[in-house]
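Chemist: One structure follows; several queries about it will come next.
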Amino acid sequence: MTAMTSTPDLAPADPATLRKPAHAPQKGSLRKQEGSLHKLSRKAPGKTSRHPYRAALSTARARTGLVLVGAVVLAGLLAPLLAGHGPTDQSALSLAGVGTPGHPLGTDDLGRDLLSRVLYGIRADLGIIAIAVPVGAALGCLFALAAAAHPVLDTVVQRIFDLILAFPGLILALAVTAILGPGRLPVVLVIALAEIPAFGRLLRGGILVQREREYVTAARVGGSSGPRVLVRHILPNAADPLIVQIAVSLTVAVFIEGAMSFLGVGVRPPEPTLGSVLSQSMPYLAQAPHFAAGPLITVTALVLGLSLIAEALNREVRR
């Protein structure tokens, strides 16, 4: 007699269960993954601090620079309150020495108060630089974004940068002044033109480097569009060196404005700038050295302060 073996009865499988994947993606998981990728991309260069530049600006070198720049800027902003005279008011005290009553820094060859002229000169320089550097930075960044969009545009933009750099700074200043005449506008244009290639090439190089990063490739594989990858992932990391370039460009702008005013192709007299006051003091260096001391010390403090800040920021970026 053959032994009968029985098998346990199997319940029929639920069709809905068979169709349901073992690990179904939860609602909103793709959005969370994209957010995590964005956070990862912000850490791509290896910065561990949420505010990396705060640590850079807290060093002794950077604090010294901030104090110097802050003192000069504050003096310029408070010029109407600190100056005891108007910048063009004349008196009978020609080339009065330091400590003359009513004229702490003395007077120039026309009897104008030197303290007032230096303070208002700072104010004029700050106004020019505050317009010229942002304009140059904005145009340079726009050119860089255009270059990153298409290889043909990249070639055109690079030739534009080469054309700007082909002109020495002095020749460019003289050419612009010859067309527009002396004044504030030519100075702003010369400074802005000089800064366009610096910002444009720096941002373009950063974009090209960040394009090859793994987090950018992951974002593209994840379905992010080109503009979204550029704005959300590439630009935040490529823009870090621009912070340093701003401090460097401010220093260059001080030199350009001072040189143009010194040569007489800048702001029209009698409006004072640091460069024009220094230029007017040249014939009287032996007779009245205090004439040149005010603008010279001010320019030195401003340039030194900006250089210290730029160096501190550059060390942070290179980490």
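Residue numbers in this text run from 1 along the chain shown.
Using the three backbone atoms N, Cα and C, a Cβ is placed for every residue, glycine included.
Okay, so TrEMBL annotates it like this:
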| type | residues | note |
| --- | --- | --- |
| COMPBIAS | 39-53 | compositional bias 'Basic residues' |
| DOMAIN | 122-310 | domain 'ABC transmembrane type-1' |
| REGION | 1-53 | region 'Disordered' |
| TRANSMEM | 64-83 | transmembrane segment |
| TRANSMEM | 126-148 | transmembrane segment |
| TRANSMEM | 160-179 | transmembrane segment |
| TRANSMEM | 185-203 | transmembrane segment |
| TRANSMEM | 242-267 | transmembrane segment |
| TRANSMEM | 287-310 | transmembrane segment |
Chemist: Looking at the transmembrane segment (160-179) and the transmembrane segment (242-267), are there 3+ C-beta pairs under 8 A, with each pair at least 6 apart in sequence?
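Modeler: Output yes: the transmembrane segment (160-179) sits against the transmembrane segment (242-267).
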Chemist: Counting only residues 6 or more past its boundaries, what in the same chain has a CB within less than 8 Å of a CB in the transmembrane segment (242-267)?
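Modeler: Distant Cβ neighbours of the transmembrane segment (242-267) are 53, 124-125, 128-129, 132-133, 136-137, 141, 169-170, 173-174, 177, 182-184, 186-187, 190-191, 194-195, 198-199, 202-203, 273-276, 278-279, 299, 302-303, 306-307, 309-310, 313-314, 317.
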Chemist: Six or more residues beyond either end and a Cβ under 8 Å away: which residues meet both conditions relative to the transmembrane segment (126-148)?
Modeler: 73, 76-77, 154, 157-158, 160-161, 184, 187-189, 191-204, 207-208, 230, 242, 245-246, 249-250, 253-254, 257, 267
